[in-house]
């Protein structure tokens, strides 16, 4: 059959296929390196370079088998024997519908499934062309089932692996020995799965036809050699690196403790009475007496009683005014009487009282000290700023947030917060005492006008309920330095593995219809008996990489950071288990969604780490998008198919 008159559709198909590959790279690239970028083991530029290499390699070696499912497994191509041009127009329509919806989703930073798009688009044009009889519904049912199986299976595998790692490595007092013992196993498992995938799926491309047992034996042998190499060279090097890092951090910690001890010995803990501090009866209220007394006193406090320090109380503002700084470096809140009858003051950092305060808090801590109060002490010592020690004296809660991206401003923002009050002074000059006093004054006035009870964060909860230590929550969200080193390169390796699997699976979403279009044009029929050309797979890989570099960062933010915090240890389990699921599915020719596998793994591991770590609202939106994608892509494809069938083909 002469097909030259339809050459225009082939040319149009190549253009649209590249746009479709671009959209796949812009949206689905977050499945490969999103978690690696989110955990900080690679930068965005490094992720793009690595992904470009492994996406292209995976598309060439693994993409052929899944491409066959996309081309011939969803619709019955034999029904188009007499209307070849209709099938060609349908393939073009499928690519247009899928590309348009994925570009829209990428613009909206919404991670969707490229597999969903192409399947929905294929069904859409078939319904317009020959109705429901053109769809192989049983194959569609299997594909739909895989959409649910893939996140559940990937999530289960990731969760199981993470639980084992947490029990045997992360929760140990010294995680290094077990971590080093497990490194060869982790590397061997990663390499074995990767080699098996290449040998099994890519063997025909490489000109190798081997039985299953031979492929398994080769994969196992390569994995053993790699494990031996890791045990012989990588583990000793990693042990030396971790030991050196821990020794360096230990030395810095000792220097910090010695500095504090010298400060405490240099000043005797004698607190002076502050002028300008008045109680309701106009009598002067001293900040404190001897070292054993509290920071605030009242008439109701009997001699010899020692209430806890002010930073451990729930305090409320009733009335008062703010005075300007006093010459001796103090700052008085004249008449600020709290609900407990105490009067509290702000002192200057250079007045000498700050050192006494440090000593007071240090000796006031007992073995029964609550975790939240312990956290306040660490916060005070770490920040050494006006905000922190004022919080300790005046009962104002402090939430310190540091922007790692701005190394020049490690104390970029500190907030004074109440139940409904939030005051933030960006880039506050802590060496300027007056600017700090203004910040405190504004927070106090805001609390006065709103009638808000100002409380310490440690006292906001019910005192009868067990308190959660913010420091412990932060520790739970981050890996220890030695654990970070153990899993750093391992997550990079698994991310490359995931990118390889992504290229093998998702290149078919972009190139499957183009391959069908090309083979129909070359053979003059719909049978498509020839193998998938390698150069077409490479063409799709180039398009995916282009989309990654231009627009990939938009969805990386959603997958790598917004859904749940990622650490190297959790990222490793997410990458390995989800990539394993995708590779297995690719090898059996089942078009699973890499988005579903990765989302399932991220949510499962995040939920196991902490019930509060997962953004369930975002997960709900993603879950809804899974169902919306198929009909929306189908509608776009059906509209284009109707235009081609009834508006263009009859006149060509």
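Backbone N, Cα and C atoms are what each Cβ position is placed from, and that goes for glycine too.
Of the candidate ranges 557-571, 572-586, Swiss-Prot annotates residues 572-586 with the feature transmembrane segment.
Residue 172 and residue 644 carry different topological domain names in Swiss-Prot and therefore face opposite sides of the membrane. For the residues 256, 375, 407, 593, the entry in Swiss-Prot flags phosphoserine at a single position: 256. Between the transmembrane segment (572-586) and the transmembrane segment (6-26), fewer than three CB pairs separated by 6 or more residues in sequence fall under 8 Å, so the two stretches do not touch. Per-residue confidence over the topological domain 'Extracellular' (643-652) averages out at a pLDDT of 87. With a cut-off of 8 Å on Cβ pairs spaced 6 or more residues apart, the transmembrane segment (531-551) and the transmembrane segment (6-26) reach 3 or more such pairs and are scored as touching. Taking residue pairs at least 6 apart in sequence, the transmembrane segment (143-163) and the transmembrane segment (594-609) share three or more C-beta contacts under 8 angstroms. The transmembrane segment (110-130) shares more Cβ pairs under 8 Å with 622-642 than with any other stretch in the list 6-26, 214-234, 483-503, 622-642.
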